[in-house]
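Everything below concerns the one structure shown next.
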Amino acid sequence: MTKPPHDIRTLSGADQLREASALFRRTLHDAPADDEQWSHALGSYDASTSLGAYDDTGMIGTLTAYDSVIALPGGKTVPMAAVSRVGVRPDRTRRGVLNAVMRTFLTGTSAPIATLRASEGTIYRRYGYGVATRFRTAVVDTAKARLHDRAPVSGDVKVVFDQDEVRRRVPELLRRFGTVRPGGILLSDGFWNLALRRDGNAVLVEHDDGVAVYKTKGMRGEHFGWSMEILAMFAATPEATATLWRYLVGVDLIKQITAVGRPLDEDLDLFFADPRTVKYTEVEDETWLRLVDVPAALAARTYGQAEPVVVEVVDDVLPANSGRYLIGPDGAERTDRDPQLRLGVADLGAVYLGDRSLTRHADAGLVEVFDRAASADADRLFRLDAAPWCGTYF
């Protein structure tokens, strides 16, 4: 019997995980973690599954999937595998290593949905991932920044500077506010303990209905001038948004605030007396989403009001997902009826949270349309009032 070219193993123990971490960091042209860095990084592997690919030279590839949940249209959260730390040793690229690791992960996970952040835009579609949420970055000129008189400021904020307290409180607060929109996710305390240690001290700003986390750094050429980067910001109400921003733009000596990765429909400029206070960057992809269990995932979210449609799904990686599904206001189930639309699982993942419509995908040649009225009905079924968004980078 021919020996498989790659031996895929579930990693266990600190030594194997540290080897995987070093391999991944090298793929990003970074040095392996030193002992102090690793003492913090090890805890980030809690509530996760890590895989390693081996050949006769040792570990040649790795993937980690954090146990998480994702918020769906309708307010429900379901288990989700947050895929990260994916890498192949530089001398073993383009030899099927990633393919072997990813397929092993997809066939082994129990989560109905997986998501990731893609380092390159051409890699993950082949495994059934589609772009399900997008973001833009807001840059705020604090010299102009004053909320207008009717901004819905309500209450006050609590600011936390102690780093142990910040690292303790942030995961707690994100469990309250991190899933306020479809696409929102939750990650472990260990993940945040590591993430908040990078690049200086983090400052936590708490409101009754929201939270912001930021870091500051000195600006080149400014003797007393700093920039602020918002690492995470979630608000359950407009009042929380306004109140958090009132504090942020009022911090002394801050010349510019960069809010990375904000929702596409968060019109922050509307809160300010001068709308030119805010500049937005170009739109970028955020969540790449993979429906691992299509029947379960389709049944888990709610749908809008429209005529039911029959969608045929094609999944070459997980063929058990392939088939026809009747999707309507009452839910989704398998059917033997003739399809009105046909699409690959990556494009189903792309429309699943309601970002861009199925019709736009069809116009781009990504969906076969046998009944044009069904395309419009599908748009209404999947559409949301607010843009889906994650807001957490992992």
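Cβ atoms are placed via backbone N, Cα and C, with glycine included.
TrEMBL annotations:
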ACT_SITE  TYR124  active site, proton donor
ACT_SITE  PHE394  active site, proton acceptor
BINDING   VAL86, GLY87, VAL88, ARG94, ARG95, GLY96, VAL97, LEU98, ASN99, SER119, GLU120  acetyl-CoA binding site
DOMAIN    200-282  domain 'Eis-like acetyltransferase'
DOMAIN    294-390  domain 'Enhanced intracellular survival protein'
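Positions of TrEMBL features highlighted on the structure.
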{"residue": "VAL86", "record": "acetyl-CoA binding site", "Cβ within 10 Å": "23"}
{"residue": "VAL88", "record": "acetyl-CoA binding site", "Cβ within 10 Å": "23"}
{"residue": "ARG95", "record": "acetyl-CoA binding site", "Cβ within 10 Å": "16"}
{"residue": "VAL97", "record": "acetyl-CoA binding site", "Cβ within 10 Å": "22"}
{"residue": "ASN99", "record": "acetyl-CoA binding site", "Cβ within 10 Å": "16"}
{"residue": "GLU120", "record": "acetyl-CoA binding site", "Cβ within 10 Å": "6"}
{"residue": "TYR124", "record": "active site, proton donor", "Cβ within 10 Å": "22"}
{"residue": "PHE394", "record": "active site, proton acceptor", "Cβ within 10 Å": "18"}
Roughly where does the domain 'Eis-like acetyltransferase' (200-282) sit in mean pLDDT, to the nearest integer?
96
Taking just the CA atoms, what is the gap between VAL86 (acetyl-CoA binding site) and TYR124 (active site, proton donor) in Å?
11
With DSSP, how much of the domain 'Eis-like acetyltransferase' (200-282) is helix, how much strand and how much coil, in residues?
19 helix, 37 strand, 27 coil
Could you state the whole-number distance in Å separating the C-alpha atoms of VAL88 (acetyl-CoA binding site) and TYR124 (active site, proton donor)?
14
Could you measure between VAL97 (acetyl-CoA binding site) and the residue listed as 'active site, proton donor' for me? Cα positions, answer in whole angstrom.
14
Just how spread out is the acetyl-CoA site if you go by the largest Cα to Cα distance in Å among VAL86, GLY87, VAL88, ARG94, ARG95, GLY96, VAL97, LEU98, ASN99, SER119, GLU120?
19
Per DSSP, what is the residue count of the domain 'Enhanced intracellular survival protein' (294-390) in each of helix, strand and coil?
35 helix, 23 strand, 39 coil
If you measure TYR124 (active site, proton donor) to ASN99 (acetyl-CoA binding site) at Cα, how many Å is it?
10
